[in-house]
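A.B. asks: The structure's right below; bear with me while I get my questions together.
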Amino acid sequence: MSDYKHTLNLPETEFPMRGDLAKREPNMLKRWYDQDLYGAIRRAKAGKPSFILHDGPPYANGSIHIGHSVNKILKDIIIKSKGLSGFDSPYVPGWDCHGLPIELKVEGMVGKPGEKVSAAEFRAECRKYAKTQIEAQKTDFIRLGVLGDWEHPYLTMDFGTEANIIRSMAKIVENGHLHKGSKPVHWCTDCGSALAEAEVEYYDKNSPSIDVRFKAVDEAGVAAKFDCAEGHTGKGPISAVIWTTTPWTLPANRGIAMHADLDYALVQVEGEHPERLILAAELVKDVMDRAGIEQFHNLGYAKGAALELLRFNHPFYSFDVPVVLGDHVTLDAGTGAVHTAPGHGQEDFVVGQKYGLEVANPVGSNGVYLPDTELFAGQHVFKANASVVEVLTERGALLHHKVFNHSYPHCWRHKTPIIFRATPQWFISMEQKGLRQRALEEIERIEQDGIKQHGQSGWVPAWGKNRIQAMVENRPDWCISRQRTWGVPISLFVHKETQELHPESVRLMHEVAKRVEQSGIQAWWDLDKAELLGSDADLYDKVPDTLDVWFDSGSTHSSVVDARPEFNGNPADMYLEGSDQHRGWFMSSLMIGVAMKDKAPYNQVLTHGFTVDGQGRKMSKSIGNVVSPQDVMNKLGADILRLWVASTDYTGEMTVSDEILKRSADAYRRIRNTARFLLANLNGFNPATDMVAPADMVVVDRWAVGRAKAVQAEIMAAFDEYNFHGVTQKLMQFCSIEMGSFYLDVIKDRQYTAKADSLARRSCQTALYHIAEAMVRWMAPIMSFTADEIWALLPGERGEFVFTEEWYDGLFGLEAGETLNDDFWAEILTVRGEVNKALEVARGEKRIGGSLQAELTLFAKPALAARLNALADELRFVLLTSKAKVVSVDAAPADAVATERDDLWLSVAQSAAAKCDRCWHHVEDVGTIAGHEEICGRCVTNVEGDGETRQFA
């Protein structure tokens, strides 16, 4: 018996079946960096149209988490796909380096500035700490396969960037957007200073709970707003009732907040002293119960919106206050009307800004009422609560009073209760130079430009526009000053007596920026005023405040994008961050861009959702559901993480768990197996000498290349629309269905058994080559490591890296006018699906083993029969049976198997012919050829003759 194995073209490749990514990816990374891959991409793309994705800087503190990974991977997918689309797309990663979290870490290590270390030493320690954090995060970002200028990232603490931040501030001052005002901050009366959110802890505390009457100025006008029955508007004075747990803030009251959409009742209280009270309709019974009022009824109702700007008398001062509307008003407790003191609460401040209410602050830094505070001067606020209650009682304004225990903010150092207190701050005004209106116009422009240029809104997903629009419409002036040590100085000089800015502030800020560019922000604190102000030095103070860190990152379009040479002066095309950044970086960048240049700093804004576990819960160490990107990379590899990111619809919450990642790993294996089949069957193929011209190729091979061409068009469009889960779906479908379930199955016989250099086999290899060239590029933005691995093993001359290439342009397909066109093969696929079902039944009934044991009869109506007969004897290769005969439907026996098609019945029989040892087909001529008794005539031709001819399959 002869052994024909050596006559077969068995697949062979160095591309392993197992990715073993966790072990092998680091070596690939090393090669990328040893060979300066990022530089190679820049050189290859030089002179192409630019696409700039500006990196929103993560904060330089702590390890990267799964959300960071999602963000960086999405950016990397876009950058790489833009490169393939013919753009020069440099990527400069950045870090946000100033601010409180780093200060707190450094305080824990060296103590507070001004205690054990000087402020200058403290800043130096902060800089050093930020550097260590950046290095750790950088290592993890690089490990994700993210390509960028990691050797030269931008840091907001680089001297040049710090200087440019000051220059950005100078431009805003020059354009007239800056003003000085007051803003409430957490204030510790023991520290005598403002506290940041992170310095506040919550403990239980006893506080007074009071309901207070504010009497209406115009009772008839107020009553008229309610839908009372005619002539039944009640009797007695009308009061709006507010509830508060901080009576000491009532001296600063400047308004009563109600909710526009809530129903309010005008309540008649009966008895010896009748009165009418305004309360939220749902809370009337609660208020009456706690006030001990039994006889009452509702006279009428009005929406909060109808009561806007009605005026009520302050309970103990001789002025009146308006009703204002705010979304912070709820029915959770109280009366539905909220005491509003803009100097003592953040929500009060925001609503107060909207209505132009005075930001009154009668309280000094030590928690004592200022000397000019009527009734309460010199009292400590917490001790004054009792005095306020006493005054309210005397004036007949107190409806109810009790003491209750609740959670209250305390200073983390002193463990003592804190207050909200308005302090002088610097603001970017939303109104004084029309900033709000221009920002809203830019939001609209971004949407419209996107539709014109890309067929979709510049806000991706489109709901992002409404979100940021609502925020801009309602946002107060931006408080940009902070009383911190580690931050970019606001760099202003103010007159000691008038508190006015120096008339040459803009020039002076540019002078400060020059010094900061040389030696960093410490230059400001080391600066002797006389150096810049000369003889005026004694008249002016240096403002000690630092800039809000959101100003640092929000001005990077100017301090980084405008400054880096690789961006060639082009503005950013895209900003891409998590959905929390509508309030954060997207907002601060928009405000600064419009304030500086009258233009948004981006053309497109892409938003991704947050990561949650498989049950939709937030990641939490206490729940134990945290998925660490480092763990995923160490176990499964970065390409699995990247495939998960791409496969997930990022427009909503992104679910991740071990089980979900396992599914990504399974999908990855299917794609890898397809790639391995392509490479293994390109063994011995040299495109320079073995390529077959399209006109000479076997028809099904041209069909397969045509399918790749169609899929490539869909994939390119999906990349352009940032629809990455669409890309992965199309790639999976192509690998699993069109290739795996059909084409790669059909060609195995020809690929393995045809003469090695025959047209039949070279045609097939030509198709596989074109498909592999296209597919490796589709994969490259997402499964970058695997694409690099495939690229290195593809035959033919090529550059070192797939990432310097563009989409493959060598694809072609069948012409629509051909008989065996795409529609023909689509029908063949449905017929094959029906045949497979019939073969499966026969296999289940033990009538056949493999499909090659089957002889198939297809009973077809004339039109289908004609199409099937177009494949002649090659129909059996398409259906993977040893024989396939097409017969008129009229000849179908009663036991023919019906199919889901109304023009096809099938009959499956076991072949009586012997099996060819080489191709495994059952053929009558096996055993009839002298010297080759074990194989069929077709195989003899392929082994000894010129090789078989294939036209169709």
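Backbone N, Cα and C define each Cβ position, glycine as well.
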A.B. asks: Looking at 58-68, 289-299, 465-475, which stretch does Swiss-Prot describe as motif ''HIGH' region'?
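C.D. replies: Matching range for motif ''HIGH' region': 58-68.
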A.B. asks: Could you check which of 53-57, 568-572, 618-622 is flagged in Swiss-Prot as motif ''KMSKS' region'?
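C.D. replies: Going through 53-57, 568-572, 618-622 one by one, Swiss-Prot gives motif ''KMSKS' region' for 618-622.
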A.B. asks: Cβ under 8 Å to the motif ''HIGH' region' (58-68), counting only same-chain residues 6 or more beyond its ends: which ones?
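C.D. replies: Cβ under 8 Å, 6 or more out: 95-97, 99, 101-102, 105, 130, 133-134, 136-137, 140-141, 155, 578, 610-611, 619, 626-630, 656.
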A.B. asks: Using a 10 Å radius around its CB, how many other CB atoms surround E577 (L-isoleucyl-5'-AMP binding site)?
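C.D. replies: For E577 (L-isoleucyl-5'-AMP binding site), the 10 Å Cβ neighbour count is 21.
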A.B. asks: Could you give the residue numbers and ranges of same-chain residues that sit at least 6 residues beyond the motif ''KMSKS' region' (618-622) on either side and whose C-beta is under 8 angstroms from one of its C-beta atoms?
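C.D. replies: Distant Cβ neighbours of the motif ''KMSKS' region' (618-622) are 65-66, 610-612.
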A.B. asks: Let's see if you can do this one: DSSP helix, strand and coil counts over the motif ''KMSKS' region' (618-622), in that order.
C.D. replies: 0 helix, 1 strand, 4 coil
A.B. asks: Do you know offhand how many angstrom separate K621 (ATP binding site) and C919 (Zn(2+) binding site) by C-alpha?
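C.D. replies: The separation of the Cα atoms works out to 59 Å.
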A.B. asks: Could you name the residues, excluding C916, C919, C936, C939, of the same chain that surround the Zn(2+) site, i.e. Cβ within 8 Å of the Cβ centre of those residues, in sequence order?
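C.D. replies: After dropping the recorded site residues, what remains is T753, D917, R918, W920, H921, V923, V926, I935, G937, R938, V940.
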A.B. asks: Helix, strand or coil at E577 (L-isoleucyl-5'-AMP binding site), per DSSP?
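C.D. replies: E577 (L-isoleucyl-5'-AMP binding site) sits in a strand per DSSP.
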A.B. asks: Would you report the average pLDDT that the model assigns to the motif ''KMSKS' region' (618-622)?
C.D. replies: 77
A.B. asks: Which ones in the same chain are close to C919 (Zn(2+) binding site), with CB under 8 Å and 6+ residues apart in sequence?
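C.D. replies: Looking at Cβ-Cβ distances below 8 Å from C919 (Zn(2+) binding site), excluding near sequence neighbours, one finds D749, T753, I935, C936, R938, C939.
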